[in-house]
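Annotation source TrEMBL lists repeat 'PPR' at 26-60, 100-134, 171-205, 206-241, 278-312, 313-347. If you look up TrEMBL, you'll see 161-285 marked as domain 'PROP1-like PPR'.
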């Protein structure tokens, strides 16, 4: 509804349904609504909802602050964003939680992007003192000369990021929050520096960091480096690759269109202890094989999926059946057609056309006719 600009309808639906017994968390529901509004550049409405949360007996959490902060900064409502940050000091940041640095960084980056360098440095000092509860040496010795005169925005932001990391209480959570956020923004080199400092301080990177790095590398086409992260970097810190990191890799390799690489990764994944491919992973590979015309391999893969009760989409069935017909493998095509129907999925007309044109012998025509009669009875 929000995506279709039906804001009043979305509001009414929320008011009617958010207090129901089936809603486990009103905060989570409100966060979702605020996120949708911010995506539509309506951070003003999201901020109103945020401010009303106290009156609804539900209190904003860290995710609430991050959603609204990002929305306000994207809409260049920096005055409201600054006041939102100050409110954190006496609410969720009372103990100087290092995870908050992602929220702080959002505002500081926005100030730098809008040429408000002096204001960013001033707020950075307050963050270190009141937000992160950093030792005095961290904010009394801020060496502004390291970032020049503020004209190079990226250099300035890197200096601020380093000050935030070093000023926060060293913890796995603080390093993870910063690194993941930087990877998601495509700042791979900067995120790597955070990981190096994290290791130097004897903190071990978690799966979420490697997942974010693999996704970031794949987005810029560095698939080989992403594979190296899984096969070498994760092993180096005794972080066993899991199904999720492989799925992220496979999703991104799919855009490159190289099913051979996907199969190799899937085989390596299957050999890992407690690292089994999930349904999504198999479906990605099945569709890739079909689109590359490797229908026999796709048929074999679908057999493996059937054993695990991993059923593909109707579109994947359609592609496979038509492909098998084009290879003259009518019996296999009809077998998967039967399987498709048993899953309550109906084939496209093009599938029937392919079957009809490939059914040259009477035996095959009989099988196809029986299958068609089954569909009529549904």
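Think of each number as a place in line: the chain as shown, counted from 1.
Here the Cβ of each residue, glycine as well, is placed from N, Cα and C on the backbone.
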Residue distribution over DSSP helix, strand and coil in the repeat 'PPR' (100-134): 29 helix, 0 strand, 6 coil
Could you put numbers on the helix, strand and coil content of the repeat 'PPR' (206-241), residue by residue per DSSP? 27 helix, 0 strand, 9 coil
DSSP puts the residues of the repeat 'PPR' (313-347) at 26 helix, 0 strand, 9 coil
Summarise the model confidence on the domain 'PROP1-like PPR' (161-285) as a single mean pLDDT, whole number. 81
